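Only one structure is covered here, and it is reproduced in the block below.
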């Protein structure tokens, strides 16, 4: 290809004039014997005209190996040789080519349809058309690749966005699932807590009901036992035998009429009896009492007036109580368990065993811990054998009393009996000292006391001579018995006047028993009973003032009516185990009285005792009602207080639960809010990271495009330099040919650019010597076309689809140069400014 231009340069025509004139489009290629040089816009057809500047990188170095396929035989990086045809002929020869055809498919029709120029050699025209077509194909392929790349990036971005949406939806779903699980856990925990509280409440209610029922049972049982134990002391006096009736009549003194000097003994005995009652087995069953129940029991344990009256009567009449207590069985101590049995069955002796035929003492029958059994030995050991035989005879003869067997004592009861016996021994010693002191004080006895003592001594041999009747065989004899010594006998002690005067109830019962007694006693018993009744009346006559001073607060005189000779013997009897005495009281009651005054006196005494009994019972009932009322009020107050405390506790518990629940909900909300904020922060960080990744990716792509663009610019610069030199040589040869053959092109060039023609005329000789400014003059239109694009009609790389418009825009360049004075100065300026334009690109 280079051989043609070099041959044309050797033709010898002057080419300097035509080298600087741009070619003018001709109307038709047929009429021109010599076609003009191609326009400058067709020199570098790199990229398609409709590509934006940012997408120039598509024409990378990958497309450059396509250029050696052209049959032009060019060697080097030149993309396209100069075109020989005019733009109009090129447009005609191009025709309606499809945009999607490849470069290999488009070559044969372009070779066949392209007319060969007449003046240009045949080796130049086919490579030019092929290069143009290849450039168009490359542009189209580059455009397609850019579109595919854009589609790929859009699809990738859509995939990224879709993945991000999926991840966001998954995070939301996980958060909702976590919230749901937490809510379910909270509900389950609340249900479990509510069920646990309900079970605890039911358990507390059940325990409370059971505890209240146990307390009620314990209180009722304790109160019933205490009432039974306390009132049984008085009840035993009314339900027992006539001997007990007499002792009950003695004990019916009110508390106001008791003497003052007995208070210390009563207080001692009361404290001991309270301790005994408190430590009893019935108390041990209800030890688990609260404070207020203990206070109630303590209040109930305080002595009443009747209790003090009985205690004072026991102290006032110690001789009778001690004599009666001597017949107490060792197995029948003052135990609470056998008190009710002795009250219900009455004191019946055991007839089967010879040593068991012992009457029960009245104090042990009444289950009173205050009056102990003085002696544990039975009456058989102190009485003579004859008396024992006489006593057993009427019982064996025809006694209607049933046989009573004593139950076996358990080890616990034996231990209790031993403890009570020790306490009784202590009380006996204290009472013995007190009585001995009183006996010393009452040594000068009154003649009435001596008289009663003499009558008692007279009655004692009679009572010894006769056996006891079946009705009186259950009671203890009241008179002293002789000492167990063989030859030594104690002087008999007289009974007290109150002991001789029996109560009206006792007399009535004696009459009934006398009627019911068997008639086998005989006339001897009747005569003896009559004599005994007359003696009793005689002894009761001097002792009649004894009941009258009973209401007075002065002490009763029975203790003082004892002879002084009895003091040492009585002390000896008390220190040693005393023996029972034969009975002094009449064993058979009299049928009635014939004295009107005696009957009136007995009736008045009976009425007085009944009135006192009613008053005592009424007072005790009032006190009991007050105690019950006070107890009920206290119980109601305690229940109200406990209920208020429970309600306050329930309110406090509910408030505490509400606070805990609110705190738990607040903590849960804070935790959920914190989790939400953390999730949002993580999502923001993820989005920021993805955005930075995309930006980095886009920057990398942009950098790659810039690098490709720079490489392309460098290639374009090298290509332009080589093309400018070749084009200048071709134009010189063409101008020389044109000047030699036809002058019309020269005229046209002169008409269009007179300033440039003048410059070419002035400097036609040193063309090869001035390549410094001639090369930029050729490069100026190309730089304007390929660089800045001053006109909107031009496309990016100077390749236009409509050739005439591009030629017209190039034809304006000499008109813009007209206002300057000299074209040389403008060209010099253009030479200076053109490198700056290239640097900006």
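Placement of Cβ uses the backbone N, Cα and C atoms for every residue, glycine included.
From 576, 753, the position flagged in Swiss-Prot as phosphoserine is 753.
Per Swiss-Prot, the range carrying the annotation coiled coil out of 412-441, 772-801, 802-831 is 412-441. Ranges compared are 184-208, 209-233, and Swiss-Prot records region 'Disordered' for 184-208. Looking up 280, 399, 517 in Swiss-Prot shows the phosphoserine annotation sitting on 399. Residue annotated by Swiss-Prot as phosphothreonine (from the set 97, 567): 97. Taking 125, 241, 410 one by one, Swiss-Prot attaches phosphoserine to 125.
Of the candidates 306, 311, 454, Swiss-Prot records phosphoserine for 454; the remaining residues carry no such annotation there, which does not rule it out for them. Sequence-distant contacts of the region 'Disordered' (184-208) (same chain, at least 6 residues past either end, Cβ-Cβ under 8 Å): 664, 668. On the 0 to 100 pLDDT scale, the model's mean across the coiled coil (593-721) is 92. Secondary structure of the compositional bias 'Basic and acidic residues' (594-735), assigned with DSSP and counted as helix (H, G, I), strand (E, B) and coil, comes to 140 helix, 0 strand, 2 coil.
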